[in-house]
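Comments concern the structure below.
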Amino acid sequence: METRSRKRAEATSAAPSSSSSSPPPPPSASGPTTRSKRARLSSSSSSSLAPTPPSSSTTTRSRSSRSAAAAAPMDTSTDSSGFRRGGRGNRGNNNDNSDKGKEKEHDVRIRERERERDRAREQLNMDAAAAAARSADEDDDNDSEDGNGGFMHPNMSSASSALQGLLRKLGAGLDDLLPSSGIGSASSSHLNGRMKKILSGLRAEGEEGKQVEALTQLCEMLSIGTEDSLSTFSVDSFVPVLVGLLNHESNPDIMLLAARALTHLCDVLPSSCAAVVHYGAVSCLVARLLTIEYMDLAEQSLQALKKISQEHPTACLRAGALMAVLSYLDFFSTGVQRVALSTAANMCKKLPSDASDYVMEAVPLLTNLLQYHDSKVLEYASICLTRIAEAFAPYPEKLDELCNHGLVTQAASLISTSNSGGGQASLSVSTYTGLIRLLSTCASGSPLGFRTLLLLGISSILKDILLGSGVSANASVSPALSRPADQIYEIVNLANELLPPLPEGVISLPTSTNALVKGSCQKKSSPSTSGKQEDILKISPREKLLGDQPELLQQFGLDLLPVLVQIYGSSVNGTIRHKCLSVIGKLMYFSSSEMIQSLIGDTNISSFLAGVLAWKDPQVLVPALQVAEILMEKLPETFSKVFVREGVVHAVDQLVLVGKPSHASPTDKDNDCVPGSARSRRYRRRSSNANSDGNQSEEPKNPASLTIGANHNSLDTPTASFMLRETVSSCAKAFKDKYFPSDGGDVDVGVTDDLLHLKNLCTKLTAGIDDHKVKGKGKSKASGPFLGDFSASKEEYLIGVISEILGEISKGDGVSTFEFIGSGVVAALLNYFSCGYFSKEKISELNLPKLRQEGLRRFKAFLEVALPFDGNEGKVPPMTVLIQKLQNALSSLERFPVVLSHPSRSLSGSARLSSGLSALAHPLKLRLCRASGEKTLRDYSSNIVLIDPLASLAAVEEFLWPRVQRSESALKPAAPIGNTEPGTLPSGAGVSSPSSSTPASTTRRHSSRSRSAINIGDTSKKDPVHEKGTSSSKGKGKGVMKPAQADKGPQTRSNAQKRAVLDKDTQMKPASGDSSSEDEELEISPVDIDDALVIEEDDISDDEDDDNEDVLDDSLPMCTPDKVHDVKLADSVDDDGLATSGRQMNPASGGTSGAAAARASDSIDTGIGNSYGSRGALSFAAAAMAGLGAASGRGIRGSRDLHGRTLNRSSDEPSKLIFTAAGKQLSRHLTIYQAVQRQLMLDEDDDDRFGGSDLVSSDGSRFNDIYTIMYQRPDSQVNRLSVGGASSTTPSKSTKSATTNSSVESQSHRASLLDSILQGELPCDLEKSNSTYNVLALLRVLEGLNQLCPRLRAQTLSDRFAEGKITSLDDLSTTAAKVPLDEFVNSKLTPKLARQIQDALALCSGSLPSWCYQLTRACPFLFPFQTRRQYFYSTAFGLSRALNRLQQQQGADGSGSTNEREMRIGRLQRQKVRVSRNRILDSAAKVMEMYSSQKAVLEVEYFGEVGTGLGPTLEFYTLLSHDLQKASLGMWRSSSGDKVSMQIGRDEIEDGKPSAANRDIVLAPLGLFPRPWPSTADISEGGQFHKVIEYFRLLGRVMAKALQDGRLLDVPLSTAFYKLILGQELDLHDIVLFDAELGKTLQELRVVVARKHYLEGVGGDNSSTISDLCLRGCRIEDLSLEFTLPGYPEYILRSGDEIVDITNLEEYISLVVDATVKRGVTRQIEAFRSGFNQVFDITSLQIFTPSELDYLLCGRRELWEVETLAEHIKFDHGYNAKSPAIINLLEIMGELTADQQRAFCQFVTGAPRLPPGGLAVLNPKLTIVRKHSSTSSAAANGAGASETADDDLPSVMTCANYLKLPPYSTKEIMYKKLLYAINEGQGSFDLS
């Protein structure tokens, strides 16, 4: 309905001339002589047939208005398009709010008619003569004038229509003075005649045949009509007749057709619903439903009621329609049941005060439907009940009646996680949230509901829900799978409603501004006395229940208190935090002392309060103090000590100082969201829109910023801020004086004995380190490296102190977070690990080797203490405790901001994404001004360009250059009409005056060009850009204009296009006149459009429906979805693709191709962390979003215009123009949106920006602003690196960065861990002054030690063997315990990052805060894999894929956006190729050579097969993976001829042909690793090694493309290979990862060498002992080792025939290691990396570990569990979860072996593995449907369905992950048929 209405409205607004411009004759027309009279009657809403309902006059008048508006010329005034838009919006309003909407619509139409009258009067003056002449000559053959009228035709018809509209407004039939245009009048008269004929047929009583025929014709006319074509339809004539026929009970056909006609009428003319209701149709339809004599009539009546209920729900309700639609629900099909429930939901939308009379009897029916099997019916039923409950919320007795029907029990069961595997298996997010809201309503308003919920154990249900939401206990749960913020809010709100309200004044909860101020400590009595007074006065039923059954309250607290504290700490939503505090406050107030004592055993409430008080959020400071006061009242002895230890007292001390002016600023700086008092004028101006934490709609008046509350008039002033500080300070002082009075200025009231002891230990450690460092320096000057006795003893002393520190931290009650932070432990340990150099002078290269040795010794010593060898199983290692303390400290100290664009703040979930995407659908208005002093270019500032926000500045340059260059050829586009060339206008010349051009020519020009767009900066796509001149100044000076807020209505891109030439450039500078915006709009004169800009389009609306367009992607002309590129190979065996590839690239150097170099230039060097300067907000965008050239698809890489010409030059071609804004140079790779946002951010100070100040204003009007960018020619003065930090890298640097930076910089990423520890630095540009810097640095050290633990442990054992403490080599293989990776995940930062990267506008503008990039780069372990993966997908592949990923994420939650324009924003371009199945490898080489560097998604088909889409594509990657593992390629190491199958994911199916082809597969039990090739290998083209290099380059491209497109590979790469990919260096210890035998032998040989060195160093004559050293009883010489690489005799390590002995054993080991993991594989790895970098930057993978990278690339390997299978599989089309066939299938799937599971996945999805996350994240979802028998004769022979099905095989649709399963009779037959289909169905795609 809504879509159809919208399209009709668009069709109306786009019509060049109106077919409905004639006045609407009423249906009672009898002849032409009465036309004037009928017009008068129509305008006064009178009818000769029947009384007209009151709303009909509005309807008729609006129809007339619409006719006039449609006739008005679309391109001559803003008002016409604005009027159409308003009409459309009003209709949407009517659907939601009939009465109120109609009043608003009436007012709007009155104003529009006044504007129209003025407009028509102007046109009357201009064209009266021409219009009169035209009207005299006009006749019914007007069609012929179309070709002869030229430009004059549309203008004359427009003028005529406008005159008619004016005369019609004047009334008295004067509109007949001008006849309508021929087409309109002819069609109207024909239509009128037909309507009269139909009406007479309907009235032919007694002639049922005529009536049936007339009804049939009427239904046909209404079904194909539009609102405009039926504008003359007389509702008041037809509806009474139709209602009468609806009661024609003797003829069911007549009743059915009458009901159908009414349905069509309400659909096509929504305004007619009022008349339908007025004439009593609703009661007739209800009667037809209740009798249910004819099923088709009942269904049609339902459809009609659904349409009517959308406009008039109350009328339907009063007519008894609610019970009517629900009474006989079981008789209808599922589809009709959904219609019935949808109708019921409409009727419950706005219930009147007496609704209970109509609703209550339906409640039992609706409650029973909550158990219904259909999810849509269930959803509508829950909506009905939620709306009923909300309507009855003020009436407890009515709510009790609701709850009496079992509503609460049913709803609680539905939301329970135990009910349906996570609670949302069958419920959408909105339904689930609605049910929780329903329970909240019942709990708050109904004593019975409250009691029922508590007795049901609702607290444990809520606990399970929240623990599964990823915000609490398990921080590793994917944010993508966590619940939306609004749902979490509702859950916490339900918990809040389950506790009685607090007595007034006890706790000032943050619900309103006044509560904070009035609830001061001085006015409040103590909780105990206050409670007693309340008890005496009145005890509510809730309090009585909790008093009678205190165990209910205790269980509530035990269940929810720990979860609420965790949610408060991890949520980035202010409203949720405030609600959590409300629940905690109530819980503390109503709990007894004994209860609180039991609660604090599981929850550290003191630490929580300390954190809240330190957070400095004014909305919660007073309530937190009051909660602390309650605790001190109830348990003074306990909390008087704990508050000191946990830092509550310290935080209160700081708050006392807040009231003093000198201490005001720290309060504002520390907040996580919005700094509060130090506000710039700009922020205060916009603070009414500021809402930093995404507050929910439930409390929209309460922004979670430091400008508290909703009353912006009062609290947004310095006075209010001062009052607030005074209130907080006085409360804190009162609390401190009452409970912690200070004695004579003693400042150490918060210092405990534990803290003093810890401080002393840290002082000893630091002193010892410094002393050691000084002595070491002196010693080293004399004797170089020192290993003297004093050093060893000093190390022992230091490690002893560290052991004491760890013991103090790990002891029983432990050290509080406050004490830990204040003790100096972090700095002392960092100083120890960095050998005294932390945060001190730089370490010279000369001293580095010595310090490395010392650092390694300290690491080993520390691990022995922190992670002991013989750690007790039950005891937590000290290192784990230390990490936990550090995590608590980090959560307490961090203040990293979540900077949200405005649409993302007030919304959540799909609404948040939808708002961001809809904002991006608006074009931005750009004024391009010549820079002052620039004389060589023309000025273009008199034009306004409408441009796609995601177009790049490079595209703007291509568009602008021919229009501003001074060459003669460029200055001669088509001659402008009636105006001068914009570039030659005098500085002060304006074009807004009507006299600046002749009206006729200007109007004519616009009529011909109104729907035109230009293509700018995109490839094979159209970006709507309009250009116009205005009267405003040229915008010189400030880079970004801040205009006044103009038109604030909703605006789609098509609307913007239609009104582009009509918009006014408003600026903050006052205009020359004081006219209102409406007056200014009316005075605008149309301006010229440059002919060179225009590309003719038939209709702008076509742009919206063009599926081949993609707004974001840089698809090349070849990437058209309709074409499939057949990749054909030469017949010769020579690898065509590889040869081509080799000729274009230097295979040995790792250099990139031209495309890769361009990509490297496109991606702004990620090695430069501060490329945007120290401000940082955009530095992340530069680094992670690759400059957004690649991101938006409009960078310099490969963009072409419509004709395929390259728009963007290669990186070594200089720019023709440079752009600046606010004096700062802008990179060509920035998008327009980025450039605009960058200026908005630079215009504010850091506090405003990081405070989450608005990036886009709440009403979207920021897109109506006009932004100014200056342009000038590059010259020697300005063509420098970016002044403003836009990171405009030079071409030479960019080209180099493709090879040097991507490999060298990343090589040092992990290899420099030790050096970065010694230097005491994080590998990012986080300021060292940041309070979290040291904590992050120490966490990084500990995480590195945890990863290196096995290696360091092995070195320790090696040292012991060398010293003779260990004699057996078998003892070297001891496994080392490690700290679980989950311990390193921070539960507070994880949801922050997850929330930040869900902000579509922040991603597009590159305005993610710098900490996102800094922390993911330096400390990726802080975030779980799922969050890092989402961050990776959001930043590595560009904007289109990031937005597409967000949409998929929302769609997976069942709440994805369905708006077509928004979907186009994130739609990906696809490139289809067809390849030969028999030559996969060669085809892949060619395909990747052509398409890997493009952004289009690759889809593969096969010659001679019908399969297309996802399945064949996945199989292509799988087959290619297998081909790349062939031993004949010479790429991989192979284990010696044993037949061991690979353990890591590659067990082949023994199914005939595949197994034969797989005999050549490399055997690599531990994963694939490159085969070493000597440096002397022939690199020339055609040689074997050259091919190997090209295969690795191909592998790099394939792997990157698979990651980019979300495909899975089946390549079992070894962990060591992944480490090389990630830029980590390998050494001897890594060889065991891919060759266990060789690695173990080399390690044992290394231990022998260590023993030799030890014997040489102890002194004495040990030569004989050394020569006798043995390896497992065998002398080295007897091993017969030669200087060749083991397994590769052709690889010569050293020339000569020397045998390896004990003297040269060390050299031999070094050479073998070098050949195996370094020099022998370097060129292969470089080729791989260069191929990878052609697709996207390989350094973006460094946030993953090797095992995670394998998981990301190759998917999941876990075995299925039967219990979880049903939750992640969809059953449809004949099956449900209880079907016997489904039960059998799930059992079979659970019993499959690992090999059979791989085969099953390959069969169903096309890939042998599932994506990361398994079946749960498979997209599309695995769906099982019933397959009907292929034999039709079976039924005729009497065979049963199951017997027939037993002969069939299952089949699949891999594109949709569909398994078509016949209903087999037994499980055994199903198992047999399934395996047969799996084994025989491989290798082709045919129709099933």
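Each residue, glycine too, has its Cβ placed from N, Cα and C.
As given in Swiss-Prot:
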type	residues	note
ACT_SITE	Cys1855	active site, glycyl thioester intermediate
COMPBIAS	41-81	compositional bias 'Low complexity'
COMPBIAS	137-146	compositional bias 'Acidic residues'
COMPBIAS	986-1002	compositional bias 'Low complexity'
COMPBIAS	1076-1113	compositional bias 'Acidic residues'
COMPBIAS	1148-1157	compositional bias 'Low complexity'
COMPBIAS	1286-1303	compositional bias 'Low complexity'
DOMAIN	1490-1888	domain 'HECT'
REGION	1-157	region 'Disordered'
REGION	660-711	region 'Disordered'
REGION	970-1119	region 'Disordered'
REGION	1134-1157	region 'Disordered'
REGION	1280-1307	region 'Disordered'
REGION	1377-1451	region 'K-box'
REPEAT	270-310	repeat 'ARM 2'
REPEAT	312-349	repeat 'ARM 3'
REPEAT	351-390	repeat 'ARM 4'
Summary of DSSP states over the repeat 'ARM 2' (270-310), given as helix, strand and coil counts: 36 helix, 0 strand, 5 coil
Proximal but sequence-remote residues of the same chain as the residue listed as 'active site, glycyl thioester intermediate' (Cβ under 8 Å, at least 6 apart): Gly1507, Thr1508, Gly1509, Leu1510, Gly1511
Counts of helix, strand and coil residues, the repeat 'ARM 4' (351-390), according to DSSP: 30 helix, 0 strand, 10 coil
PLDDT averaged over every residue in the region 'K-box' (1377-1451): 86
Secondary structure content of the repeat 'ARM 3' (312-349), with strand meaning DSSP E or B: 30 helix, 0 strand, 8 coil
Secondary structure content of the region 'K-box' (1377-1451), with strand meaning DSSP E or B: 54 helix, 0 strand, 21 coil
Local backbone state of Cys1855 (active site, glycyl thioester intermediate), from DSSP in three classes: coil
